[in-house]
């Protein structure tokens, strides 16, 4: 490693924006650049992105961040990529031109294809071999939809003229001028086309969906030099790390070992627990997915998604208008000792893990004449912690592992009240790191390890510092009483919309 290679760049391609973040040897952020892009909603429940706009924004933020920081491409040791998972691009091999917009992970248009696969008895096969539930969320049915609905697409696919990729694959293809068609196991594991036991594309799933093997990228480790780019002008920079956003955050939080877990508090909450070298099947509504071990090798994880985390606070602000700013919630919630018996179940779009109840609806229970604004705000914050406790309980049951501490990241972790209540409700210490850009950091770490910029996972552990550790303070009886009230409230919210 020559002395002037002082930085690693993480490209963080998210659902609403593309970002580039420069890290130095001490994992400090030296510069960032960000651009939003257009969300397309052609029909109710459909969500698309323009792959060329994704590429344009991602390419330009990379150039911008170098210009902003005054860095030359010669000073960049490697590029790591982290991305929104499941979002699907199909393009022509010869021209590099997408044949349709990217179908986004949130898009529900393939629900009918999923129902058809269930009717053919594939649910158990999908669960056992891909670790996933049969749902429109994942890429496989999206590829089938494009082949079925774009004129001439299936014929071109059969002739080997089309390529498929998740966003990581598309970016690497563009950055290497069409030389490299690759993905990593974390992204492959979200397609419903990848066998997480054999770590190979699953021929049966490809046959069931009518997708030719020739469309698929090569699956390579999450930390490896895949190819080079001359973007940013001048020298060839190695592209050396790839991970889906949640797995990247798990790696960025240094959850390399079995039994370590992180929770990301964003619009929703994503909790992942590293379960080591063997996949753990969930009997409690979680997904079995691929994680990354300390040397970039394949590990496994359990994953649980809560739909309404920070979005519950947005609802207080935008719809109820009882706060002006999300940051106010800490102040109001701390003005009262409890919620005065009020529970808010934010099942506005149904409930995610571990319930998976699309018919649940938002519910506020336990209201009395004395209930006021502070109680409702506190109940909204507490609902985020209760839902995360639901997921953690399922994880501990499935894995047989008692969590020693939960690492946290995402916007809502700045809320001290929420973090303390989370620790109390889980009876588990909650660790907030100094650097909360853990998703981008994970991609940077993977790339840096691949080129020797950092020598080992032990060296990375020296870069991790704790801002604050929240220790449980609530007594057992109080915790049990409050959580039992939550379970009762959840029951009231369930199956509400079924009769519609």
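Cβ coordinates come from backbone N, Cα and C, glycine included.
What Swiss-Prot records for 15, 16, 17, 267, 310, 314, 411 is ATP binding site, and it gives sequence analysis as the kind of evidence. What Swiss-Prot records for 15, 85, 86, 137, 245 is sn-glycerol 3-phosphate binding site. Here Swiss-Prot flags 15, 19, 267, 310, 411, 415 as ADP binding site, drawing on sequence analysis. The glycerol binding site annotation in Swiss-Prot covers 85, 86, 137, 245, 246 and rests on sequence analysis.
Structural mapping of features recorded in Swiss-Prot.
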| residue | record | DSSP (3 states) |
| --- | --- | --- |
| 15 | ATP binding site | coil |
| 85 | sn-glycerol 3-phosphate binding site | coil |
| 245 | sn-glycerol 3-phosphate binding site | helix |
| 267 | ATP binding site | coil |
| 310 | ATP binding site | helix |
| 415 | ADP binding site | coil |
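Compute the center of the Cβ atoms of 85, 86, 137, 245, 246, which mark the site for glycerol; besides them, the chain residues with Cβ within 8 Å of that center are 84, 105, 190, 244.
For residue 85 (sn-glycerol 3-phosphate binding site), the nearest neighbour among the listed binding-site residues (17, 19, 246, 310), judged by C-alpha distance, is 246.
Site extent for ATP: among the recorded binding residues 15, 16, 17, 267, 310, 314, 411, the largest C-alpha separation is 19 Å. Here the C-alpha separation of residue 86 (sn-glycerol 3-phosphate binding site) and residue 415 (ADP binding site) works out to 30 Å. Within the set of binding-site residues 245, 246, 415, the entry lying nearest in space to residue 17 (ATP binding site) is 245 (CA atoms). Within 10 Å of the Cα of residue 267 (ATP binding site), not one of the binding-site residues from the list 19, 137, 245, 246, 415 places its own Cα. The Cβ of residue 411 (ATP binding site) lies under 8 Å from the Cβ of 265, 266, 310, 326, each of these being in the same chain and 6 or more residues away along the sequence. In sequence order, 11, 12, 13, 32, 33, 34, 35, 61, 440 are the residues of the chain that are 6 or more apart from residue 19 (ADP binding site) and have a CB within less than 8 Å of its CB.
Closest by Cα distance to residue 314 (ATP binding site), from the binding-site residues 137, 245, 415, is 415. On the backbone, the CA of residue 245 (sn-glycerol 3-phosphate binding site) and the CA of residue 15 (ATP binding site) stand 10 Å apart.
Within the same chain, the residues at least 6 positions away from residue 15 (ATP binding site) whose Cβ sits under 8 Å from its Cβ are 84, 87, 104, 105, 106, listed in sequence order. In sequence order, 327, 329, 330, 381 make up the list of same-chain residues 6 or more apart from residue 415 (ADP binding site) whose Cβ falls under 8 Å from its Cβ. A gap of 15 Å separates the Cα atoms of residue 246 (glycerol binding site) and residue 137 (sn-glycerol 3-phosphate binding site). Residue 137 (sn-glycerol 3-phosphate binding site) falls outside any helix or strand according to DSSP and counts as coil.
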